[in-house]
Amino acid sequence: MDLPVGPGAAGPSNVPAFLTKLWTLVSDPDTDALICWSPSGNSFHVFDQGQFAKEVLPKYFKHNNMASFVRQLNMYGFRKVVHIEQGGLVKPERDDTEFQHPCFLRGQEQLLENIKRKVTSVSTLKSEDIKIRQDSVTKLLTDVQLMKGKQECMDSKLLAMKHENEALWREVASLRQKHAQQQKVVNKLIQFLISLVQSNRILGVKRKIPLMLNDSGSAHSMPKYSRQFSLEHVHGSGPYSAPSPAYSSSSLYAPDAVASSGPIISDITELAPASPMASPGGSIDERPLSSSPLVRVKEEPPSPPQSPRVEEASPGRPSSVDTLLSPTALIDSILRESEPAPASVTALTDARGHTDTEGRPPSPPPTSTPEKCLSVACLDKNELSDHLDAMDSNLDNLQTMLSSHGFSVDTSALLDLFSPSVTVPDMSLPDLDSSLASIQELLSPQEPPRPPEAENSSPDSGKQLVHYTAQPLFLLDPGSVDTGSNDLPVLFELGEGSYFSEGDGFAEDPTISLLTGSEPPKAKDPTVS
């Protein structure tokens, strides 16, 4: 309940009621014990806020809340004055609160008009600040549209690059798959070609077989790929012929069939009547082998290292004629001497006893005149042994060089090469002839190239088994075999081969023709028309 303001405290009518009541309350001397002016008159003090709220506030206001009174003072701009002694932690002995306002002064009531209540004023923006210029908006929209277009262009480019990247990855995967498959096929082809080269060169077979030229007590080892042959008589008559059953190849290597001083090749041909003459080199051993056909083995002492000689003996003349004989001359002499009569042909029969002959007329029976003997002198055993050792060393070096590359043949890989897993379009391979030639050139740098005629002439080229044993060559009586046989003697085959060329190496070393593994082209029989 508001108390009536005294006549001295009457103020202008535009002063708020709160300020008028506050002026009267502060100026009332009855309430100086609780509220009064400061000594300077610029502020007022409130003592004992609790008692002031209970006793004084209800008389002038409708409430007795000190907090509401302080809040109204703040609304009109009054500020609380804080002294130094009141700002510490120690509570002051007297509860004293001082408020001041620049226009609330003692004795100057007219200044109350200047005290205004604070109004929560929101700063009103000016219209020119709120209004945005149209050109700025247009420019902003243009920039936004431009940025949007650039973004769409970048998105399209990124999408195109993404598609291209996916296509490239798919192509890379396809190429990798094709490359792996092609590499697999190439590896299989290389392994297959290497296996062919290895089979042609007889790689991986290392033999250390004694020559057994001097050892007649031990039998030679049988060849790995041997077939049972038999030499059968056609004519049983003759000074050296004896009926005997067909013998196999095992009898050829019997210990008693090898002379103590080395094997001697002898040939018996039909000639005109001539008297035999003793040869100065030795005597003829006419011992027939057990179960063997007509064979003559001549024992002679080792000859000096020179070309073989032919000893032509006649019993009517005491002198002997020694002439240098090359294998070509020997074959030519045999061919010339066999012109009057059909040439001697070896009839080969297998283990079952079948003889391969043609329907040709047999040769006339041999006459009772003495026969002319042509014998090839024994080669020097040391020279032949050195030659075989050199060839063995060369083969070992070649095998070591080829094995150092670490080639391995996988049979399963070779079987998979022709399996249905590899389709026909995938087998588009390069030229196999050039690849095989290049691989052979790389694998065998030390081997001289052979002429193509020698390779094509042999049906079993590349499948021969080299056998380092000294085997005697047996030449049969021309009268004891059929002239219509398909197989010619060994010396007839050597006459037309490429082994005896015009070079010095071939003329001086006739053992090459005896040790080679491939067969030369067979000579045509001059007696067969």
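Note that Cβ sites are derived from N, Cα and C of the backbone, with glycine treated the same way.
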Can you tell which of Thr142, Thr346, Thr469 Swiss-Prot marks as phosphothreonine?
-> Thr142
Out of Lys178, Lys298, Swiss-Prot gives the annotation N6-acetyllysine to Lys298
Secondary structure tally of the region 'Hydrophobic repeat HR-C' (384-409) (DSSP, helix then strand then coil) = 20 helix, 0 strand, 6 coil
What is the separation, in Å, between the Cα atoms of Thr142 (phosphothreonine) and Lys188 (N6-acetyllysine)?
-> 69
For each of the modified residues (Thr142, Lys188), count the other CB atoms lying within 10 A of its CB, then report the residue with the highest count.
-> Lys188
Just give the helix, strand and coil counts over the region 'Hydrophobic repeat HR-A/B' (130-203), going by DSSP.
-> 69 helix, 0 strand, 5 coil
